[in-house]
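According to TrEMBL, the protein has these features:
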- 1-39: region 'Disordered' (REGION)
- 14-37: compositional bias 'Low complexity' (COMPBIAS)
- 181-216: domain 'EF-hand' (DOMAIN)
Amino acid sequence: MVEGRYGRGRTNNTADDASPPAARTRAASRPTRAKPTSVLRAISQQGQLAEQETYATTTNTYSLPQDFREDIERIFGAMDPKGRGFLKLSSLGSVLQSLQMLQPGESVPNEWLDEIDPRRTGKISLEALLEFVAAREGDAEAEQQLESAFRLFKPDADDVHSSRITFEDLQRVSLHLGEHIPDSELHDMIAFIDSDRSGGVDFEDFKHMMRRTKLF
């Protein structure tokens, strides 16, 4: 028995050993791409990403601060003087403007209407409003934290949405963290994450990678 890659025993007479020389040559020639997580994981392990304490650990959803929750309840109550327990869906724009989630005169996006009233009842309960606001605030909080993480690689970026993480950025951060990663692997990281083959990692690619590798 010989130790396999994952510690499982296998016999010496495997299908791989019996494969033709040409097949083994082709398999050996396939490039192995570096997993683009080494530097990102090092940052995460050192605790430099924004802490996730604002997220409720039991539900994995954003936990509204108590004072903000009270503001929502107060606004809801003021718009429901008869205590019916619901508001008309058409009043959502006014509610969100009061919460400064919409600018005056700005329309509620259709996807927001579908999210808060998926059954198309035309009504909004307080609980549905609280969950909706929590989801929106959670998205905004996560976006800010991802922007902060991106800036660890591009500290001088004026706008993360128009910047790209380059090989030099990865090299600088890896050296700073004591991660001695070969240049070839850093180039592979860029190539692996870079969806439009621009030679750098933009913010959307960065977000996708952080979430796909569960580093965020």
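Backbone N, Cα and C atoms are what each Cβ position is placed from, and that goes for glycine too.
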Tally of residues which DSSP labels helix, strand or coil - the domain 'EF-hand' (181-216): 21 helix, 2 strand, 13 coil
PLDDT averaged over every residue in the domain 'EF-hand' (181-216): 83
